[in-house]
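Quick look at what Swiss-Prot annotates:
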BINDING   GLN11, GLU69, SER138, GLY142, THR143, GLY144, ASN204, ASN226  GTP binding site
BINDING   GLU69  Mg(2+) binding site
COMPBIAS  429-444  compositional bias 'Acidic residues'
MOD_RES   GLU436  5-glutamyl polyglutamate
REGION    423-444  region 'Disordered'
MOTIF     1-4  motif 'MREI motif'
Amino acid sequence: MREIVLTQIGQCGNQIGAKFWEVISDEHAIDSAGTYHGDSHLQLERINVYYNEASGGRYVPRAVLVDLEPGTMDSVRSGPFGQVFRPDNFIFGQCGAGNNWAKGHYTEGAELMESVMDVVRKEAESCDCLQGFQLTHSLGGGTGSGMGTLLLSKIREEYPDRIINTFSILPSPKVSDTVVEPYNATLSVHQLIENADETFCIDNEALYDICSKTLKLPTPTYGDLNHLVSATMSGVTTCLRFPGQLNADLRKLAVNMVPFPRLHFFMPGFAPLTSRGSQQYRALTVAELTQQMFDAKNMMAACDPRHGRYLTAAAIFRGRMPMREVDEQMFNIQDKNSSYFADWLPNNVKTAVCDIPPRGLKMSATFIGNNTAIQELFKRVSEQFTAMFRRKAFLHWYTGEGMDEMEFTEAESNMNDLVSEYQQYQDATAEEEEDEEYAEEEVA
């Protein structure tokens, strides 16, 4: 079996993680005590991907829950699925990282790291054939960003050939929780570029927009936002958990989605997004799903894909649908919007189809796009970073934990390089490259 170990770190990571386990448990018909109450053998066939079978037929999530303060852990534990997790897998400090990346990465977080890695090892050892790791965290705070990236580098060190997927909540342009967000995010992206295989960039503002404009929720809560994220997370791994006509796994995704190793930052989307009240009145067609999935309003990162070009994309459909129709629709969308796809990467959309739809829907689709417009997101953070760093504002909090200013400069230039790499491939065309070849031949 292809198992996945989920590590959730920091307040945001744990809240998303908790929501995700609710969604997954519901799909596999597992109740809050870890017992199975379903009627379909499909639910149990590959349940090992996310669950360990314990004595007495209980199913225990392969989750590692980490935080530097006990608060969030307590609320997860007292939440609806709090009793499912293995008690030893809760690892928390007492003092918090106080929104300080350096505390999470170098001091407080580093002290806790050994015990976190012990639990990760234990989980990895109980797998037959470990496919990889998923990490949920935010990049704006201290624990998820600082300690999350430290954990990432440690996992990369011990399991160099396993896929690491991160679901990273980026700071949003209008909604900011903390002043030092740009610092924390830039330092984290610096690490993600080097150590992650796939990073799903999600930001709260895009989620708020989806909730208020598309789902018509008057006052969206974090619970609603996290529900959207967990729908995407469940969609990405659905092919591993249920049988399908065309399968995808984390590695296949990475191979098809990442044309150059540094450019692994994706925008996720999900369809159908309909308000909770109007769900039962609509029967979706594959055409509508495809249309909605590629719509800019459905993107969970606050960037407009129409400002860039798709280097690659993946679409994971769920539900019973004719393959032929899926292929036709995917071809149509690329044909009609060909200017938005990089012409020097032919057939750059990967499709997967899984037969089992999520609860309450006949069919759904998860979209993952590697679009050059994601640079807008990094540009925004970078501008805020530069504005503060030029005045050396708040730096003493970081240098006080033993950090060096050089690290900030390195992180800044790495992120700017990333932006210019995206820009370079956005402008590239197929013709240009042929010309270059001719030019080289003439010189020779």
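Any Cβ shown, glycine's included, is placed from N, Cα and C.
Features per Swiss-Prot, on structure.
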residue	record	DSSP class
GLN11	GTP binding site	helix
GLU69	GTP binding site	coil
SER138	GTP binding site	strand
THR143	GTP binding site	helix
ASN204	GTP binding site	helix
ASN226	GTP binding site	helix
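Here the binding-site residues are GLY142, GLY144, and the one whose Cβ sees the fewest other Cβ atoms within 10 Å is GLY142.
It is ASN204, among the binding-site residues SER138, THR143, ASN204, whose Cβ has the fewest other Cβ atoms within 10 Å in the structure shown. A sphere of 10 angstroms centred on the C-beta of GLU69 (GTP binding site) encloses 19 other C-beta atoms.
If you take the C-beta of GLN11 (GTP binding site) and look for same-chain residues 6 or more apart in sequence within under 8 angstroms, you find ASP67, GLY71, THR72, SER138, GLY141, THR143, GLY144. Across the residues annotated as binding GTP (GLN11, GLU69, SER138, GLY142, THR143, GLY144, ASN204, ASN226), the two Cα atoms farthest apart lie 23 Å from each other.
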